[in-house]
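TrEMBL lists B:Glu330, B:His331 with the feature active site, proton acceptor. Annotated NAD(+) binding site per TrEMBL: B:Tyr133, B:Gln194, B:Asn217, in sequence order. Positions annotated as substrate binding site by TrEMBL: B:Ser240, B:Gln262, B:His265, B:His331, B:Asp364, B:Glu418, B:His423. As annotated by TrEMBL, Zn(2+) binding site applies to B:Gln262, B:His265, B:Asp364, B:His423.
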2 protein chains.
Amino acid sequence: MLDIQRLSTTQPDFDQQLQSLTDWDDGATHGVESAVADILAAVRGQGDEALRHYSEKLDGLAVDAVSELEVDAAGCQAALEGLDAADRDALETAASRIRHYHLHQRQSDWEKTEPDGSRLGQQIRPLERVGIYVPGGKAAYPSSVLMNAIPAHVAGVDEIVMVAPAPDGHIAPMVLAAAAVAGVDRLFLLGGAQAVAALAYGTETVPAVDKIVGPGNAYVAEAKRRVFGHVGIDMVAGPSEILIVCDGQTDPEWIAMDLFSQAEHDEDARALLICPEARYLDDVQAAMERLLPEMERSEIIRASLARRGALICVRDLAEAADVANRIAPEHLELSVVEPERLAAAIHHAGAIFLGRYTPEAFGDYCAGPSHVLPTSRTARFASPLGVYDFCKTTSIVQCTAEGAGVLGPIAARLARCEGLTAHARSAEFRFDD
Amino acid sequence: MLDIQRLSTTQPDFDQQLQSLTDWDDGATHGVESAVADILAAVRGQGDEALRHYSEKLDGLAVDAVSELEVDAAGCQAALEGLDAADRDALETAASRIRHYHLHQRQSDWEKTEPDGSRLGQQIRPLERVGIYVPGGKAAYPSSVLMNAIPAHVAGVDEIVMVAPAPDGHIAPMVLAAAAVAGVDRLFLLGGAQAVAALAYGTETVPAVDKIVGPGNAYVAEAKRRVFGHVGIDMVAGPSEILIVCDGQTDPEWIAMDLFSQAEHDEDARALLICPEARYLDDVQAAMERLLPEMERSEIIRASLARRGALICVRDLAEAADVANRIAPEHLELSVVEPERLAAAIHHAGAIFLGRYTPEAFGDYCAGPSHVLPTSRTARFASPLGVYDFCKTTSIVQCTAEGAGVLGPIAARLARCEGLTAHARSAEFRFDD
């Protein structure tokens, strides 16, 4: 028997149930906070020496010098060449699709010239050096290498520095191969808060970067939060989640497997299905019960569905869209007829997968957009990782003497209203009363 | 006698001197950290009750209900109508220019259709509700209202909620007027970490927002850092700064006053001048000594120049550009002949002001771009506040059955490499082997 919560929008306490289902405490515990503060201070103060210490203590990886933790380009290329041909082909095709999608995100400088000859505009430049955190440990995620590094590469970043934990020295060859394919420039076998600290502050061996992106565990998230401001960060990621809206016409096994694909990540992962047909929810539940025993990660799936899964019955698809907007999911599958119509009612989602032939898994690996997406309702304000995360803008202002005659009096007047008379006089020098 | 540091790139310890000049510890002190943690927890848990408590305790503003701290639209409109005509005209002209500039920052959705009919793209939507923190206290900054709220308004944000501290109940009418002009929807006389908490979590009276922008003191900065993830934030602002590169041909009084205009903000403000002519640095220093006694804020200027100002002699303008890139200044004035040529060598700056007729003050008030700019070397990775800060993107993926036949095998292969077999099977359901 599979344990998964059933909800209906007709329940009087639905709002409350939905709230408790989607609540996620994004704060770090005090223990994590203080451990991370210590690690950051140590790496900032003692550099390589502290990195060696934490790598040995936390990753079981003892080296004489941090330089031994670097995998050079030849090492990554060798891993790529050692791949099974079909694996390599899949990796390279995915990379090519991701690259192609992100080319559309590049932005151009613009400027406009006013009638008096003054010029206004903005110029957009890639960041010089970025750090990419690729989680590792038990599982290896070559797809995360592609999804983080390729947008940076397309943006034109000069140097992409990747870190990935290698507990006891183990790292999947496919991760190294992905680094070669994605255009990673340097790779260090470092993980945890110490890797974030090394990227943020630099050490004798690890170069300091301008921005750090990529998901990680609670220590990595807290470390990123703390170095924010000193370097840029992308976001603080929570557990992964899917919301599927189905009209009841998709094969229940397809939907069951889509829910499993989210639930198999870890026990915090959240898989939700919304449908206006209660009977269809029964069908999907039956399909899940049928399919679960044959899944390799059935225990994780079972635990995650019991803790955070739900099958939600709604009155109609319009109400489904409302609920979806309240959840603001990382991944939203619209497994319905005419999905474009329903998509038009969605305001908040990291990525929308439209139609019965578009499972989230396509987006996880190869459709094109980055799979690094805003989680835990942050799609209300945050965007998928993209080329824009690896660029920054500079405002451009250039006045002619005539233009200064237009702007000067306005600036001087407002500056005097604010009591900032040096501002006013600086403006006044540029025009004649 | 005016106290300001002199540096030269020919000094053997120049790099170290520059480093210590530009160092800024962006971390909060432990006292600020724990005070802010307490305030956030109190407001999150007790809502209006805690807000009332902190407003009385910290702002000397005692009310029976938080609703008394709201200034309604009529109140703001009345303030606007009560302005001196020339002040109102300056405010409205500035607003109109800022609005016009930001119209250029709006971005469009895009999509592309693949040969098999599959569709990829991204849709861009405004945030629903944002919070704008406008610092107040002793000084009033109506320009900050415009510079924060207008980009949000241009983005199409549904509701702009502004907070501004009003110690002992005092707020400048010009600030209220600016809120009316900029399209602020709701305004609360709240400041400090408690205002950030109210915007992040919502209370009975203050609505929760999706993102909080705008600069503030150390408590506000730390509060924003802590609520980041729960809501979006723009950046953690440090003290304001200007770097002027001059070829020695601009009237020294103009440059002296431009440096003063930065230094008059507060004692942490940083004003730097770079020039290849040592004699010109003498001329500017003499001009500063001449002008300082007549400045209203001479004591602040004197203190700030002594603490953080510098006149830097370089070998040539190419070296000036190198130094500017290392400083990555918030504001960069290029007071030189052919400023476009020099600008092409600049990689990192919040805003560049080109030519002798473009003082920073124009940008502070009315040129067009927001004056909310990345400080303390964060221009390496961060951008001016803009329309893009008030929008977010959703990735769009829609596959046809034929497209699923292309993506399915790639996704399935990579998923199996990662040991995520539910992902693989979810993909495999969509195509026939």
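Backbone N, Cα and C define each Cβ position, glycine as well.
No curator has checked TrEMBL annotations; they are predicted automatically.
Features recorded in TrEMBL, as mapped to the structure shown.
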residue  : record                       : DSSP class
B:Tyr133 : NAD(+) binding site          : strand
B:Gln194 : NAD(+) binding site          : helix
B:Asn217 : NAD(+) binding site          : coil
B:Ser240 : substrate binding site       : coil
B:Gln262 : substrate binding site       : helix
B:His331 : active site, proton acceptor : strand
B:Asp364 : substrate binding site       : helix
B:Glu418 : substrate binding site       : coil
B:His423 : substrate binding site       : helix
Can you name the binding-site residues among B:Gln194, B:Asp364, B:His423 whose Cβ is less than 8 Å from some Cβ in chain A?
-> B:Asp364, B:His423
Sparsest-packed of the listed binding-site residues (B:Asn217, B:Ser240, B:Gln262) - C-beta count within 10 angstroms = B:Asn217
Note on NAD(+): the CB centroid of B:Tyr133, B:Gln194, B:Asn217 has further same-chain residues inside 8 Å, namely B:Pro135, B:Val163, B:Pro165, B:Leu190, B:Gly191, B:Gly192, B:Ala193, B:Ala195, B:Val196, B:Gly216, B:Tyr219, B:Val220, B:Ala223
Given the binding-site residues B:Tyr133, B:Gln194, B:Asn217, which lie close to B:Ser240 (substrate binding site), meaning Cα to Cα within 10 A?
-> none
So of all those binding-site residues, B:Tyr133, B:Gln194, B:Asn217, B:Gln262, B:His423, which one's Cα sits nearest to B:His331 (active site, proton acceptor)?
-> B:Gln262
Record lists B:Ser240, B:Gln262, B:His265, B:His331, B:Asp364, B:Glu418, B:His423 as binding substrate; longest Cα-Cα distance in Å?
-> 56
Which of the recorded positions B:Gln262, B:His265, B:Glu330, B:Asp364, B:Glu418 has its Cα closest in space to the Cα of B:Gln194 (NAD(+) binding site)?
-> B:His265
Out of B:His265, B:Glu330, B:His331, B:Glu418, B:His423, the listed recorded positions, fewest other Cβ atoms within 10 Å surround the Cβ of B:Glu418
Using Cα positions only, nearest of the recorded positions to B:Gln262 (substrate binding site) (B:Tyr133, B:Asn217, B:Glu330) | B:Glu330
Nearest to B:His423 (substrate binding site) by Cα, among B:Tyr133, B:Asn217, B:Glu330 (recorded positions)?
-> B:Tyr133
Of B:Tyr133, B:Gln194, the binding-site residues given in the record, which has the fewest other CB atoms within 10 A of its CB?
-> B:Tyr133
What is the total of other Cβ atoms whose distance to the Cβ of B:Asp364 (substrate binding site) is within 10 Å?
-> 29
